[in-house]
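So the structure is just underneath, and the comments pick up after that.
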Ligand SMILES: O=P(O)(O)OC[C@H]1O[C@H](OP(=O)(O)OP(=O)(O)O)[C@H](O)[C@@H]1O
Ligand SMILES: O=c1cc[nH]c(=O)[nH]1
Ligand SMILES: [Mg+2]
């Protein structure tokens with residue numbers, strides 16, 4: 001699996017602010033969206049473009065570049081993925097959205113699926129999964145399984161923070177996907193939380209701590 005840890009100063013600054021325990025839910029949500037936006041910029045860097053002929057302001061016919069071929073479906077994983085969604089959609093406003101709902105059982109750490117509404121013809125689209133946290137990798141593996149079962153062949157993921165253990169687990173099963181993250185952190189603790197991490201991202205975004 002290709003892992004891109006984006007060391008851009010804006011991303012690192014914003015992620016550092018998010019690590020502060022005293023940050024408000026409003027502040028955390030705003031920063032999650034902003035980092036989501038910046039990660040989207042990086043993840044779309046290699047999208048293919050094609051020349052399109054247009055009439056310019058001068059009346060001349062000129063060629064401009066347009067995104068070519070496969071289009072994108074953004075896949076926010078409920079709940080916490082919603083916190084990054086606005087920032088992602090700001091850059092790719094015409095992307096279709098495929099919502100997937102999974103939570104991680106607090107005892108077993110196994111993902112529990114409870115919702116999915118995926119766009120039609122997903123086989124013709126690149127899926128851009130959006131979730132703040134990649135911890136054990138169980139949630140991401142289950143999401144990729146679901147997307148592949150529905151015919152999706154090109155899958156990328158955006159994560160604020162990823163744990164080495166989760167990256168290794170996903171790589172074993174789905175080596176063909178590509179992820180973009182603001183940080184590959186140190187490790188998981190004995191409860192499956194990422195260290196130094198962000199804590200429970202869903203609770204911090206929704207204020208349910
Ligand atoms: O890699 P994993 O070990 O599977 O953990 C990662 C998942 O845990 C969090 O969601 P959570 O289960 O807290 O659900 P929520 O978004 O509803 O809070 C997070 O947003 C990921 O979806
Ligand atoms: O550190 C973690 C791990 C899983 N889910 C979270 O929200 N945070
Ligand atoms: Mg949560």
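Any Cβ shown, glycine's included, is placed from N, Cα and C.
Taken from TrEMBL, the feature 5-phospho-alpha-D-ribose 1-diphosphate binding site covers 79, 104, 131, 132, 133, 134, 135, 136, 137, 138, 139, 200. Look at TrEMBL and you will find 194, 199, 200, 201 tagged as uracil binding site. The domain 'Phosphoribosyltransferase' feature in TrEMBL is assigned to 7-208.
Here the features listed in TrEMBL are painted onto the structure.
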{"residue": "79", "record": "5-phospho-alpha-D-ribose 1-diphosphate binding site", "Cβ contacts under 8 Å, 6 or more apart": "101, 103, 202, 205, 206"}
{"residue": "131", "record": "5-phospho-alpha-D-ribose 1-diphosphate binding site", "Cβ contacts under 8 Å, 6 or more apart": "76, 77, 80, 81, 84, 139, 140, 143, 157, 158, 159"}
{"residue": "133", "record": "5-phospho-alpha-D-ribose 1-diphosphate binding site", "Cβ contacts under 8 Å, 6 or more apart": "80, 159, 160, 161, 162, 194, 197, 198, 201"}
{"residue": "135", "record": "5-phospho-alpha-D-ribose 1-diphosphate binding site", "Cβ contacts under 8 Å, 6 or more apart": "104, 109, 163, 165, 166, 188, 192, 193, 194"}
{"residue": "137", "record": "5-phospho-alpha-D-ribose 1-diphosphate binding site", "Cβ contacts under 8 Å, 6 or more apart": "163, 165, 166, 167, 168, 169, 170"}
{"residue": "199", "record": "uracil binding site", "Cβ contacts under 8 Å, 6 or more apart": "21, 193"}
{"residue": "200", "record": "uracil binding site", "Cβ contacts under 8 Å, 6 or more apart": "193, 209"}
Close-lying binding-site residues around ligand 3 among 133, 135, 137, 139, 194, where CB distance stays under 6 Å: none
Residues among the binding-site residues 79, 131, 133, 135, 200, 201 that border ligand 2 - Cβ under 6 angstroms, in sequence order: 133, 135, 200, 201
Assigned element (helix, strand, coil) containing residue 133 (5-phospho-alpha-D-ribose 1-diphosphate binding site), judged by DSSP: strand
Within the predicted model, mean pLDDT of the domain 'Phosphoribosyltransferase' (7-208): 97
Listed binding-site residues adjacent to ligand 1, that is, members of 133, 135, 194, 199 whose C-beta is under 6 A away: 133, 135
Assigned element (helix, strand, coil) containing residue 194 (uracil binding site), judged by DSSP: strand
Greatest inter-residue Cα distance in Å for the 5-phospho-alpha-D-ribose 1-diphosphate-binding set 79, 104, 131, 132, 133, 134, 135, 136, 137, 138, 139, 200: 17
Coarse DSSP state, helix versus strand versus coil, of residue 200 (uracil binding site): coil
